[in-house]
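> Among the features that TrEMBL reports, domain 'Class II aldolase/adducin N-terminal' is placed at 21-203. Positions annotated as substrate binding site by TrEMBL: Cys90. Annotation source TrEMBL lists Zn(2+) binding site at His108, His110, His188. Taken from TrEMBL, the feature active site, proton donor/acceptor applies to Glu132.
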Amino acid sequence: MGQGNSREKLVFSKDPNHPANLICSLCKNFYTLGWVTGTGGGISIRHESHVYLAPSGVQKERITPQDMFVMDFPTKTYLRSPPSLKPSACTPLFMASFTKRNAGACIHTHSQAAVLCTLLTKGSTWSIANVEQIKAIPRPSTGGYYGFFDKLVIPIIENTAREEDLTESLEKAIDEYPDTCAVLVRRHGVWVTFISSLSEVYHLRLGRHRLESKDSGRKVRIAIFHGGSVADLLLAVFKKSLDYLFQLAVEMVKLGMDPAGPITAAE
């Protein structure tokens with residue numbers, strides 16, 4: 001009985017920013033935004049030595065903390081496994097992100113803009129340059145962020161019949177592109193890694209809004225800009241930066257423009 005109560009304590013909390021609650025909130029938002037449909041896509045969060053994983057086969061907008069799997073990261077063994085449910089098919093890819101990038105969270109969406117970018121790109125990388133929102137994208141290799149004049153390059157890997165079969169290609173892309181925080185999957189979606197630990201979510205920056213120290217005139221506290229919600233912040237990082245750039249690139253191609261082209265003088 002004591003062991004069962006201990007397992008339940010891993011996922012039940014009144015704190016909305018507890019990983020189990022956060023995953024449920026984010027999955028509902030993903031569904032509302034159209035980034036996932038049905039049971040596809042998802043998010044995993046690593047907090048301290050625990051990895052929180054959504055189940056497979058449950059509608060994203062209906063996931064509850066009771067459905068959550070919890071894994072011990074050092075040993076890769078499950079501390080909590082809900083009966084009659086299976087862990088997400090994305091689990092091997094989430095674990096690859098945590099291991100390769102020391103990520104605190106990994107998001108997988110089926111964003112239509114991301115899929116279109118993979119279809120409009122013939123090569124093995126997608127690029128965009130000279131756009132303000134690039135400044136919100138982290139550069140994992142340096143611990144910093146891209147600048148306005150930098151070119152953002154995201155690798156594209158080919159889709160497979162089963163989700164878990166993408167693991168080797170994802171790991172290779174992460175190794176070969178140390179500056180990327182995302183990997184696109186052609187005709188499928190995108191994988192995005194966030195921050196080195198969940199506690200550092202309060203030090204992310206979003207475009208012009210740098211959420212770090214409170215003593216800089218250009219920086220604001222997360223409690224002011226995002227109402228203290230970690231879910232809102234994680235959504236904003238993807239929606240206001242990467243997904244925005246994907247959508248913008250699709251529109252630029254429609255107009256015959258090269259998203260990664262140079263800045264040209266206005267006529």
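Using N, Cα and C of the backbone, Cβ positions are placed for all residues, glycine too.
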> Within 10 Å of the Cβ of Cys90 (substrate binding site), how many other Cβ atoms can be counted across all chains shown?
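Its Cβ has 24 other Cβ atoms within 10 Å.
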> Neighbour count, 10 Å Cβ-Cβ cut-off, for His188 (Zn(2+) binding site): what number do you get?
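Looking across every protein chain shown, the total is 20.
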> Run through the Cβ atoms and count how many others sit within 10 Å of the one on His108 (Zn(2+) binding site).
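If we count other Cβ atoms within 10 Å of His108 (Zn(2+) binding site), we arrive at 27.
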> Tell me, how many other CB atoms lie within 10 A of the CB of Glu132 (active site, proton donor/acceptor), whichever protein chain they belong to?
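There are 10 of them.
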> Average the per-residue pLDDT over the domain 'Class II aldolase/adducin N-terminal' (21-203) and send me the rounded value.
89
> Just checking the recorded positions His110, Glu132, His188: which sit within 10 A of the residue listed as 'substrate binding site', CA to CA?
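The recorded positions passing the 10 Å Cα test: none.
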> Enumerate same-chain residues with a sequence separation of six or more from His110 (Zn(2+) binding site) and a Cβ-Cβ distance below 8 A; give 'none' if the list is empty.
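Set apart from His110 (Zn(2+) binding site) by at least 6 residues yet with Cβ under 8 Å, we have Trp35, Val36, Thr37, Gly40, Gly41, His188, Gly189.
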> So around the Zn(2+) site, His108, His110, His188 aside, which residues have their CB within 8 A of the centroid of those CB atoms?
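Not counting the recorded site residues, we get Val36, Gly40, Gly41, Thr109, Ser111, Ala114, Val115, Val185, Gly189, Val190, Trp191.
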> Which whole-number value in Å describes the distance between the Cα atoms of His108 (Zn(2+) binding site) and the residue listed as 'active site, proton donor/acceptor'?
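Here the two Cα atoms are 24 Å apart.
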